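First up is the structure itself, then whatever we jot down about it.
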């Protein structure tokens with residue numbers, strides 16, 4: 001229970017141990033507690049705490065301080081810092097106790113003054129060279145806590161560290177004239193280093209524009225309103241007893257350039273242009289000169305005219321001048337940062353001092369081949385300036401445009417071998433001279449030449465021989481000469497000599513009458529023997545003769561006929577109706593055989609065109625029809641024999657009409673058609689039959705089947721009582737043949753049968769010589785209207801019936817009995 005209350009509050013009824021933890025108490029309040037034991041009989045008396053218990057956390061000494069560090073060491077002092085303990089023991093820290101121990105001794109000695117709450121302390125009055133270790137403890141109202149972990153052994157001596165340097169600028173810095181710039185950085189070192197600034201190895205001193213600022217950790221050099229002279233290599237040195245560090249920065253203070261350096265030199269002066277030169281500016285403004293701006297001015301005018309602003313050379317051509325006028329030139333230099341002041345030239349008059357070379361004399365052409373020629377000329381007057389190049393040009397005589405023969409310079413020689421001519425073309429050439437003023441006028445054109453190799457006489461023809469003969473002629477053949485003498489072979493001269501004579505006679509008068517390598521020598525005498533020879537001719541003349549090896553006796557040569565069949569004379573030739581039939585063969589034989597064409601051993605049709613040439617024969621029939629098919633034969637015959645070949649020609653056409661068209665099984669709505677295949681299938685298989693019908697009252701045929709391969713068809717869907725005609729045609733791959741038609745129409749009706757017997761025949765009256773009969777109509781009329789009833793009678797016991805008469809009605813009186 002709370003000390004100021006009377007009522008007890010149970011905490012637990014199930015405690016079996018001899019201890020218990022009471023939770024849910026309020027910090028700062030005082031409580032009494034009591035305990036009773038209990039068994040199965042009941043609860044015993046309570047035992048009560050003798051005094052009240054105040055609820056609060058227990059107070060202990062603080063934990064050990066943390067992070068004890070040595071911050072500085074000198075030869076007679078050590079500076080240390082630390083952090084408070086994680087737990088103060090439940091009571092505020094009242095002071096810290098710092099202790100030291102000289103290495104070699106056992107005990108720690110207190111070095112802090114009383115009541116020190118700072119967490120930083122400098123131990124002074126130490127002896128240089130001694131080594132100590134340190135620890136620190138925290139105190140609260142309970143007492144002094146555990147000491148911190150010891151520092152490493154610390155020897156009393158001055159601390160040193162080599163300098164470090166970290167600049168904020170790059171290796172190069174570009175600054176416009178008039179702008180400020182600064183070089184900054186950080187440094188460190190023990191003892192504190194000395195900072196020195198240099199520019200191009202000279203110490204920088206402060207003045208109105210130059211400011212230097214140094215702190216224990218930073219350094220800065222600042223320059224206000226920079227000028228070109230501030231350009232240079234800046235160096236900062238950080239130095240102490242342990243060493244030094246240097247940092248560099250190349251500062252480039254840039255400006256527009258100074259003017260180009262004069263005077264302006266007039267290197268060349270002409271009536272319409274000048275060439276001037278100058279020297280670069282002494283100061284390029286710290287940036288490469290990107291270009292020069294050149295302007296000209298007629299001294300009679302105040303206007304400066306631009307010439308160019310794109311040149312980077314220190315020389316320039318001033319064009320478009322007026323002869324006799326005086327001009328001034330002014331030149332600016334330009335870099336990335338601006339344009340300089342100008343350099344202005346003296347006045348100079350535009351007039352010629354020199355001129356281009358004169359035109360050379362007409363060139364001479366030598367050593368012409370099929371693709372080259374050598375052009376030779378004399379040196380002309382050079383116009384006052386040395387000739388530096390010759391320009392050789394060519395053109396075909398029929399062309400209008402001159403073309404340079406080479407882009408390479410031709411100098412100092414006055415001849416040039418022109419390559420790459422087209423064989424057989426005619427060319428002219430001309431030459432121009434060039435000096436530094438320009439190109440002079442061209443020479444007069446050379447005499448025209450043809451691009452071809454020099455021509456000599458050809459070598460003799462090769463292997464002349466007699467290849468055929470008759471009773472008055474000989475056929476000669478040979479190969480062209482091995483060498484044409486670089487000239488085109490115009491033709492050949494053929495000569496012959498009768499054996500025993502000395503004189504050679506010409507078979508042809510001019511070479512161009514025999515351009516080929518064969519010739520028929522005619523007008524010879526039968527039975528005589530001749531020698532033959534052949535000469536080749538070009539523009540340079542005749543070759544030596546080539547002789548036919550053996551003399552030739554002039555007489556007819558006998559060779560039996562020979563047939564060389566063309567592809568269209570195979571054993572069987574198919575041709576589509578309407579196309580052209582061609583049969584041909586090559587024919588040989590001496591003398592040339594007689595040619596005979598036949599069809600089935602008869603003369604061929606008059607519509608056939610037959611052509612016979614000296615080497616073969618051809619038969620041609622245009623617009624073929626089926627009747628043109630059959631067996632064709634070609635016979636060739638001469639005194640040495642004969643030969644015959646045959647070819648079967650099939651003219652592929654539409655089939656003929658089907659045969660024997662019959663109609664059966666006629667009904668009121670159908671009938672059955674049968675037929676036989678055509679006699680002639682047109683040379684191709686029948687693919688199908690087309691069946692059509694027509695109402696006799698209509699003009700239009702209607703197809704009822706177009707794909708049937710059978711030779712019969714059931715015609716359905718007829719109109720009862722209507723009369724129909726039918727027709728059938730056969731088809732193959734070449735088309736539809738003619739129709740075969742029924743001769744007379746058929747009527748769509750069912751077939752007729754005899755009627756059934758009359759029903760219920762009985763007599764209604766009897767007399768001595770006659771009987772009155774009546775009956776009913778039969779059940780079926782047989783497909784047609786009943787026209788009458790035949791009445792017969794038979795005497796009882798007799799075998800035969802006797803006809804009485806035919807009556808139209810359902811009654812009859814039989815008389816004469």
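Using the three backbone atoms N, Cα and C, a Cβ is placed for every residue, glycine included.
Taken from TrEMBL, the feature domain 'Fibronectin type-III' covers 1-58 (among others). Taking DSSP states H, G and I as helix and E and B as strand, the domain 'Fibronectin type-III' (1-58) has 0 helix, 11 strand, 47 coil.
Annotation comment: TrEMBL describes 64-159 (among others) as domain 'Fibronectin type-III'.
TrEMBL lists 163-252 (among others) with the feature domain 'Ig-like'.
Under the heading domain 'Fibronectin type-III', TrEMBL lists 259-353 (among others).
Look at TrEMBL and you will find 359-454 (among others) tagged as domain 'Fibronectin type-III'.
Positions annotated as domain 'Fibronectin type-III' by TrEMBL: 460-557 (among others).
According to TrEMBL, the feature domain 'Ig-like' maps to 561-646 (among others). Mean model confidence of the domain 'Ig-like' (561-646) amounts to 89 (pLDDT, 0 to 100 scale).
The domain 'Fibronectin type-III' feature in TrEMBL is assigned to 657-751 (among others).
Summarising the annotation, TrEMBL assigns domain 'Fibronectin type-III' to 757-817 (among others). Residue counts for the domain 'Fibronectin type-III' (757-817) by DSSP state, with H, G and I taken as helix and E and B as strand, are 0 helix, 29 strand, 32 coil.
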Out of 259-353, 359-454, 561-646, 657-751, which stretch has the largest tally of CB pairs under 8 angstroms to the domain 'Ig-like' (163-252)?
259-353
Treating G and I as helix alongside H, and B as strand alongside E, what does DSSP give for the domain 'Fibronectin type-III' (359-454) in helix, strand and coil?
0 helix, 38 strand, 58 coil
